[in-house]
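Peer 1: Below is the structure I would like to discuss, written out as structure tokens.
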Amino acid sequence: MISEIPPEFIVKIDYEQCKRCKRCVMNCSFGCMQFKDRVIPDHKKCVACQRCVTFCPESAITITKNELSYKENANWTPEIRQNILKQAETGGMILSGMGNPRAYQILWDHLLIDACQVTNPSIDPLREPMELRTFIGRKPERLEFSADENGEIELATELGPQIKLDIPVVFAAMSYGAISLNAHKALVMAAKQSGTLMNTGEGGLHKDLYSYADNIIVQVASGRFGVHSEYLNTCVMVEIKIGQGAKPGIGGHLPGEKVGEEISKTRMIPVGTDAISPAPHHDIYSIEDLSQLIYAIKETTDYTKPVSVKISAVHNVAAIASGIVRAGADIVTIDGFRGGTGAAPMVIRDNVGIPIEVALAAVDQRLRDEGIRNNASILCAGGIRTSADMAKAIALGADAVVIGTAALVAMGCRVCQKCYTGNCAWGIATQKPELVRRLDPLVASERLSNLLRAWDLELKEILGSLGVNSIESLRGSRERLRGIGLDEMTLKILGVKPAGVGQ
Amino acid sequence: MKIDCSGMYYRKLNKIIRDAAEAGESEFILDHVNGQRYIGSGINKKIKITINGVPGNDLAMFMNGPSITVNANAQDGIANTMNAGEIIVHGDAGDVIGYGMRGGKIYIKGNVGYRTGIHMKEYKKKVPVIIAGGVACDFCAEYMAGGILVLLGLEKGGDMPITGDYLGTGMHGGVVYIRGGVDENMLGKEVSVLELDEKDLKILKKHLAEFCEHFGFDLEEVMSKPFVKLLPVSSRPYGNLYAY
């Protein structure tokens, strides 16, 4: 069938500027640029990944939206019509990459942070120490101390395993398979440099990364790819993945084309076979079953690693989180509906789940109400874009936040949302050696470390203006937030007062 | 090392086993076992464990090497995500046997529960094997991606069929051998029934010889009834679901 889908973008080449160096032809991984005496773009193939634009030495390329492709209609948007055409041509589910791009209300942008004026002094973070250090893991109900003969006081309470983060941000679970080995290397090097963690995702851990165990979270998902006792012990935390914000309640599927020699070794499956992660874990059909897996992991790691359970933010998230904590998890990771993915059916990504802001507030409140908040740390994922989002999340009750898309963008991602094609022009979401080579792990890790340093500085400024010198003083302090343009019920769920109301 | 497990909490029992194995102990006899979970889980040494009594769930989870003999029935989740080793059960076993298992052997004398061999896989020389002397319940070999699963139906509980519904649903690798054939109504739509060839018979005989030796069955008698094999129709059952 000949495709009738009009091109989404128009590639304009300024032939007066173009020196015919063919760099754009070499750089385009989607086969859009051809050279016949001069560069001829095939507009239909362009995904607006901006690779050619960035690398054209003459700045002779511009990519614009194809405004003429569909007649204007507020109801039948170009996206909807394009998807119908695609489905009419293929009969398949529309696949998509990255997080939910729809214009749902972003609650972070309706929350404002307090500051000190006159009566309570603010603190200058340039001159005074600011504490961002965060410990993740189960905290005891009370602390007991003992004194020895010399009067030296010692902690008598036995603490479970704790993970020290220098900054309350960890990198999100992105599997080797969804992203390239160079991207994994960049993440783990940056995590080490910045005193935080990266997460293997569900694709196992490549041997080259074993030496970074102190900065790694290993994931156990329903496919159990690359999971064995050595893997479970090459980390500081084990995460059981139940759900992902971009695709709550559905499984994953790495197509056989992406399973080359190295992926095959890491996932421990034959080259070229599909890696199918079932929707549920087939040994978990209840909270009791979840508890069984949590303790199986604790037995296997001799109780030295905290165990996290990651769920997507869904309607009943607070009750589910309570069950997870009671099942023995040391950490609950909640992933909101704007969280990213390498591949998900668009209908799921764009319509299923709830925003992380309300989910986080509901979970934190529920665990407090039940008196079990200390039993687990909360990691907040799925839609953290800036240090301000991070500060607001921590004020709503998160112990730390998780960034995936922000980290990819720092590495060079242009959010073209074509991760599932395996053609990533930036060497991130691809396994093609000629494309993977484009991402220099050293450069990318430096970019990631820079991002974290910038957020570290910004977060300290926020704390200073709030008049506190430790992130602990902001954690769960919803009094320091005010809502703007939010309805009463949403304000109630978030536990914040509207802007304009004093103490 | 002999351990009296009566009334002992699983955490203590497993710690004793792990520590002794680390110190060089290679043989364990566990008496009066009564539901203790995670026995043998995550152990990376080629130790031998004999269990007298019924072990609890997740026996040999993430196990990598040991050989375990259970002189009774076993419960759910045996050999969950197991890497290597051997488990011999002189009785029946519960649900989810060998979930995500990628190496080693499980020989069950009697019947097995639901979801046996689900998402079992293989990698290079690691080809996991599950043989059940009896019958299996629903969802057997679901999502199976590799390995060998054999159902013998020797000890049928009354008129029970050799397998429940949805056998091999979503299967995309590996092979299931069934003694005496199977009603096609029981199959998932991703598998088809084929006759055995010489190579199959050779593999089957090798594993069944071991199985019969453990439980005292007569190999010739077991092999006297014809087998069929189940193979996935496609290695990519979910290949054409999407529009790119």
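For all residues, glycine too, the Cβ spot is worked out from N, Cα and C.
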Peer 1: Which of A:C56, A:C116, A:C235 does TrEMBL put in the same [4Fe-4S] cluster 1 site as A:C18, A:C21, A:C24?
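Peer 2: Matched candidate out of A:C56, A:C116, A:C235, per TrEMBL for [4Fe-4S] cluster 1 with A:C18, A:C21, A:C24: A:C56.
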Peer 1: If I go by TrEMBL, which of A:C28, A:C380 binds [4Fe-4S] cluster 2 at the same site as A:C46, A:C49, A:C52?
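Peer 2: Of A:C28, A:C380, A:C28 joins A:C46, A:C49, A:C52 in the [4Fe-4S] cluster 2 site that TrEMBL records.
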Peer 1: Of all the binding-site residues given, namely A:C18, A:C21, A:C24, A:C56, which is spatially nearest to A:C46 ([4Fe-4S] cluster 2 binding site) at the Cα level?
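Peer 2: Smallest Cα separation from A:C46 ([4Fe-4S] cluster 2 binding site) among A:C18, A:C21, A:C24, A:C56: A:C24.
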Peer 1: So how many of the residues in the domain '4Fe-4S ferredoxin-type' (A:9-36) end up helix, strand or coil by DSSP?
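Peer 2: Going through the domain '4Fe-4S ferredoxin-type' (A:9-36) residue by residue, I get 5 helix, 9 strand, 14 coil.
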Peer 1: Could you name the residues, excluding A:C18, A:C21, A:C24, A:C56, of the same chain that surround the [4Fe-4S] cluster 1 site, i.e. Cβ within 8 Å of the Cβ centre of those residues, in sequence order?
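Peer 2: Other same-chain residues with Cβ inside the cutoff are A:I13, A:K19, A:R20, A:K22, A:R23, A:V39, A:C52, A:P57, A:E58, A:A60, A:I61.
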Peer 1: Any idea what the Cα distance is from A:C21 ([4Fe-4S] cluster 1 binding site) over to A:C52 ([4Fe-4S] cluster 2 binding site), rounded to a whole Å?
Peer 2: 12
Peer 1: Out of these binding-site residues, A:C18, A:C52, A:C56, which one has the fewest other C-beta atoms within 10 Å of its own C-beta?
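Peer 2: Across A:C18, A:C52, A:C56, these binding-site residues, the one with fewest Cβ atoms within 10 Å is A:C18.
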Peer 1: Taking the centroid of the Cβ atoms of A:C28, A:C46, A:C49, A:C52 as the [4Fe-4S] cluster 2 site, which other residues of that chain lie with their Cβ within 8 Å of it, listed in sequence order?
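Peer 2: Output for this site, in sequence order: A:V11, A:C24, A:N27, A:S29, A:F30, A:C32, A:M33, A:K45, A:V47, A:A48, A:Q50, A:R51, A:V53, A:I63, A:A425.
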